[in-house]
Amino acid sequence: MSNKQNATLNITGMTCAACSNRIEKRLNKMDNVKAQVNLTTEKATIEYDTNDYAINDFVTTVQKLGYDVVIDKAELDITGMTCAACSNRIEKVLNKAPGVKDATVNLTTEQAMVTYYPGQTDLDTLIGRIRNLGYDAQPKQSEEDQATRKQQELKHKRNKLMISTILSLPLLMTMLVHLFNMHLPDILMNPWFQFILATPIQFIIGWQFYVGAYKNLRNGGFNMDVLVALGTSAAYFYSIYEMIKWFSGATNMPHLYFETSAVLITLILFGKYLEARAKSQTTNALSELLNLQAKEARLIDDNGMEKMVPLNQVNVDDILLIKPGEKIPVDGQIIKGETAIDESMLTGESMPVDKHVDDVVIGSTMNTNGVITIMATKVGKDTALSNIIKVVEEAQSSKAPIQRLADIISGYFVPIVIAIALLTFLIWITLVHPGQFEDALVAAISVLVIACPCALGLATPTSIMVGTGRAAENGILFKGGEYVERTHQVDTVVFDKTGTLTHGKPEVTYFEGDKDTLTLVASAENNSEHPLATAIVNYAKQHKVNLVNVTNYQTLPGHGIQAIIDDSMLFVGNQKLMLDHQINIQSIKQKMKQMEAEGHTVMLIAYDGKLRGMIAVADTVKASAKEAIQQLSSMNIRTVMLTGDNERTAKAIAKEVGIDQVIAGVLPEDKAHHITQLQEQKHNVAMVGDGINDAPALVKADIGIAMGTGTEVAIEAADITILGGDIQLVPKAIHASHKTIRNIKQNLFWAFGYNIAGIPIAAMGLLAPWIAGAAMALSSVSVVSNALRLKRMKL
């Protein structure tokens with residue numbers, strides 16, 4: 001049966017009619033597809049049969065031609081979800097909606113992340129689909145508004161719990177009569193008194209369960225509300241039946257279960273309240289990041305006057321004044337003044353960093369001592385901190401593959417539990433205690449209320465939220481839950497050398513000669529822009545050397561440099577340069593070879609026809625590199641260096657830090673090939689690089705880890721970003737993934753084990769309904785509480 005549908009795609013990258021014609025021709029070659037591409041509106045209108053194609057098929061076709069399709073991303077706040085069945089149902093409906101590329105719904109954060117094609121659908125349509133299911137949705141609020149809303153919800157839950165507890169306590173005491181054979185005042189045993197207390201709990205305080213159950217059943221779904229409504233209603237209405245019999249003249253005191261329905265609702269509300277409180281703590285890491293942001297800025301207007309303005313009023317190119325002790329409000333560039341900036345909130349480096357004119361400063365870092373004027377370069381959502389917050393938010397809202405089993409089971413969970421409860425009732429009334437309706441009913445109610453789909457739904461996302469949040473506090477940004485799980489499987493870590501294991505810039509590592517010799521070399525090298533020359537000049541400045549005038553400076557390609565100082569010739573360069581000018585180097589030759597064998601670039605110094613000394617320069621290894629490699633080795637993880645540098649230098653550095661294998665002389669475009677070779681050997685590979693030159697290898701690896709700084713967070717290039725470039729965070733990231741996945745497995749074991757053991761025990765009549773309800777209420781609390789242990793995770 002044909003199912004025709006029209007789709008509209010917004011296409012980018014078209015520059016002329018040839019582009020639009022090419023796309024249109026290619027789309028129309030697809031079977032049973034009619035397409036028109038409009039260059040002016042940059043839209044493609046496509047008529048197709050949904051039995052043959054999905055919208056993503058056309059997107060892929062356009063992208064293969066070298067163009068792209070506009071994709072929007074929406075974040076929605078959802079209210080009314082009570083368990084995993086709710087979040088799974090919403091997710092399925094959104095993913096089936098026309099124009100939706102991908103949707104994930106997180107029960108813990110109560111949010112949906114939807115990527116969609118704007119020509120096909122829009123935000124209002126997506127919200128409408130969620131509301132049709134019986135839930136409420138709205139565009140994501142600001143963190144402040146969300147916090148206020150959740151505080152109000154928590155207060156509302158607490159108030160309902162308090163009222164329910166007050167009404168339930170007298171009924172709970174009637175349970176104690178049966179358990180401990182206690183004597184209670186007659187009024188507590190009076191059916192009318194129990195009815196008056198239980199009814200508002202059932203139909204006012206517990207009305208939310210009926211509403212939730214109705215909305216789900218109306219849309220063909222089942223969730224926790226259905227179980228609670230069925231279980232408590234069975235107990236309540238059976239008690240009404242017994243009351244009517246007694247009121248009609250029955251001589252025996254009725255067997256009432258008002259206390260069962262009332263106490264069940266109270267216990268479930270108690271569990272939900274504890275769960276909400278615990279879940280609010282899972283977002284602490286994100287809240288702390290948000291609190292780092294400055295609230296206002298000191299703007300210098302066109303007249304040179306200062307005025308304080310809210311942060312959202314600062315624009316790019318605005319001039320801002322920052323005084324000592326104030327936060328840098330936005331990313332910018334210093335145009336006046338100098339200071340030291342505490343960047344520890346982004347890089348983890350405790351020592352303030354000196355900043356001068358033209359240096360870049362990062363929003364939300366702290367100005368420690370000087371008065372500076374900056375020009376804003378990035379504001380709002382473009383700042384480094386905003387990008388970090390975005391990564392953490394997306395990671396905390398994402399799903400890990402390990403969650404799939406729980407999602408599948410929770411989709412069928414409630415109908416299966418209802419079937420088991422019905423079967424339990426039939427077995428009890430026909431086989432266990434034939435004709436004993438009450439015993440059968442109690443066993444069935446226990447089955448209904450002990451089953452807990454909530455624990456299944458919370459097991460993975462709460463651990464992901466807390467684990468990624470804790471990692472972010474330590475400068476480790478996971479892109480999503482999927483990458484937490486994949487990092488856990490890594491057995492080989494490949495390192496780029498320059499900028500990853502080393503500082504990425506040459507430094508003087510050895511100097512042999514007197515201060516006058518250093519003056520000569522630095523004065524000559526001050527005429528060069530070469531990185532080695534810069535390293536020598538910086539070294540001289542550190543040793544308080546005063547430079548002198550140089551004439552006839554000349555670069556000698558492949559050899560070094562020459563210059564005239566005080567009418568005498570200076571040569572700085574390699575062994576061949578010295579030999580060409582008959583300079584005797586025997587006294588220094590052995591030391592030179594030793595330094596070169598260790599990967600240093602050695603330059604000999606001759607002045608006025610005589611050897612004056614030697615200076616060696618190298619890209620020095622980071623202090624933490626050796627310890628990082630040792631930590632990886634202790635975790636039984638193989639380490640590899642992949643570099644474009646020469647083999648001698650690479651092996652020297654590898655030996656210094658303890659790396660297992662060296663692959664040297666590799667061009668950037670060939671690095672991905674070597675990653676593939678390791679993967680073909682059945683290794684799960686993580687690639688650690690700078691996120692720019694190593695982009696192909698980062699993408700090819702099972703896990704790409706980018707070493708970023710506050711201004712160069714390579715978020716798009718890698719699955720994990722290490723802030724500040726501290727290589728010790730690489731083993732810590734892997735350790736964090738191990739801890740988080742272990743926590744998830746503990747949660748899933750508890751969630752599955754609880755239901756697998758609890759339901760049969762309840763079916764055998766070994767648990768009173770109120771005990772079963774208490775167990776259900778506390779099961780999800782225990783899962784969230786276990787996840788919160790990750791907040792204390794040591795990295």
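Every residue gets a Cβ built from N, Cα and C, even glycine.
Noted in Swiss-Prot for the protein shown:
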{"type": "DOMAIN", "residues": "5-70", "note": "domain 'HMA 1'"}
{"type": "BINDING", "residues": "C16, C19", "note": "Cu(+) 1 binding site"}
{"type": "DOMAIN", "residues": "72-138", "note": "domain 'HMA 2'"}
{"type": "BINDING", "residues": "C83, C86", "note": "Cu(+) 2 binding site"}
{"type": "TRANSMEM", "residues": "161-181", "note": "transmembrane segment"}
{"type": "TRANSMEM", "residues": "187-207", "note": "transmembrane segment"}
{"type": "TRANSMEM", "residues": "224-244", "note": "transmembrane segment"}
{"type": "TRANSMEM", "residues": "256-276", "note": "transmembrane segment"}
{"type": "TRANSMEM", "residues": "412-432", "note": "transmembrane segment"}
{"type": "TRANSMEM", "residues": "440-460", "note": "transmembrane segment"}
{"type": "ACT_SITE", "residues": "D496", "note": "active site, 4-aspartylphosphate intermediate"}
{"type": "BINDING", "residues": "D690, D694", "note": "Mg(2+) binding site"}
{"type": "TRANSMEM", "residues": "747-764", "note": "transmembrane segment"}
{"type": "TRANSMEM", "residues": "770-788", "note": "transmembrane segment"}
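Within its own chain, the transmembrane segment (440-460) has Cβ neighbours under 8 Å at 82-85, 87-88, 107-108, 223-224, 227-228, 230-232, 234-235, 238, 257, 260, 264, 268, 275, 399-400, 402-403, 406, 409-410, 413-414, 417-418, 420-422, 424-426, 428-429, 432-433, 481, 744, 747-748, 750-752, 754-755, 758-759, 761-765, 767-769, 772-773, 775-776, 779-780, 782-784, 787, counting only residues six or more beyond its boundaries. Comparing the Cα of C19 (Cu(+) 1 binding site) with the Cα of every entry in C83, C86, D496, D690, D694, these being the recorded positions, the smallest distance points to D694. Local packing around the Cβ, expressed as the count of other Cβ atoms within 10 angstroms, is greatest for D694 among the recorded positions D496, D690, D694. With a threshold of 8 Å between CB atoms, the same-chain residues lying at least 6 positions outside the transmembrane segment (770-788) that come near it are 172, 175, 231, 259-260, 263-264, 267-268, 270-272, 274-275, 278-279, 281-282, 445-447, 449-452, 454-455, 458-459, 462-463, 465-466, 743, 746-747, 750-751, 754, 758, 762. For C19 (Cu(+) 1 binding site), the number of other Cβ atoms no farther than 10 Å from its own Cβ, over all displayed protein chains, is 18.
C83 (Cu(+) 2 binding site) sits 52 Å from C16 (Cu(+) 1 binding site), counting Cα to Cα. Ranked by Cβ pairs under 8 Å to the transmembrane segment (187-207), the stretches 224-244, 256-276, 412-432 are led by 256-276. Shown are the binding-site residues C16, C86; the one with the most C-beta atoms within 10 angstroms of its own C-beta is C86. The recorded positions recorded for this entry are C16, C86, D496, and the Cα of D496 lies nearest to that of D690 (Mg(2+) binding site).
Here the transmembrane segment (224-244) has long-range neighbours at 82-83, 85-86, 191, 194-195, 198, 202, 206, 208-213, 216-217, 254-258, 260-261, 264-265, 268, 414, 417-418, 421, 438, 441, 444-445, 448-449, 451-454, 769, 773, meaning same-chain residues at least 6 beyond its ends whose C-beta is under 8 angstroms from one of its own.
Long-range contacts of the transmembrane segment (412-432) within the same chain, counting only residues at least 6 positions beyond its ends with a Cβ under 8 Å from a Cβ of the stretch, are 84-85, 222-224, 226-227, 230, 439-441, 443-445, 447-448, 451, 453, 456, 755, 759, 762-763, 765.
The helix, strand and coil residue counts that DSSP assigns across the domain 'HMA 2' (72-138) are 23 helix, 24 strand, 20 coil. The two recorded residues the residue listed as 'active site, 4-aspartylphosphate intermediate' and C86 (Cu(+) 2 binding site) have their Cα atoms spaced 45 Å from each other. On the backbone, the CA of C86 (Cu(+) 2 binding site) and the CA of D694 (Mg(2+) binding site) stand 42 Å apart. A Cα-Cα distance of 34 Å separates C16 (Cu(+) 1 binding site) from D694 (Mg(2+) binding site).
Over the domain 'HMA 2' (72-138) the predicted model carries a mean pLDDT of 89.
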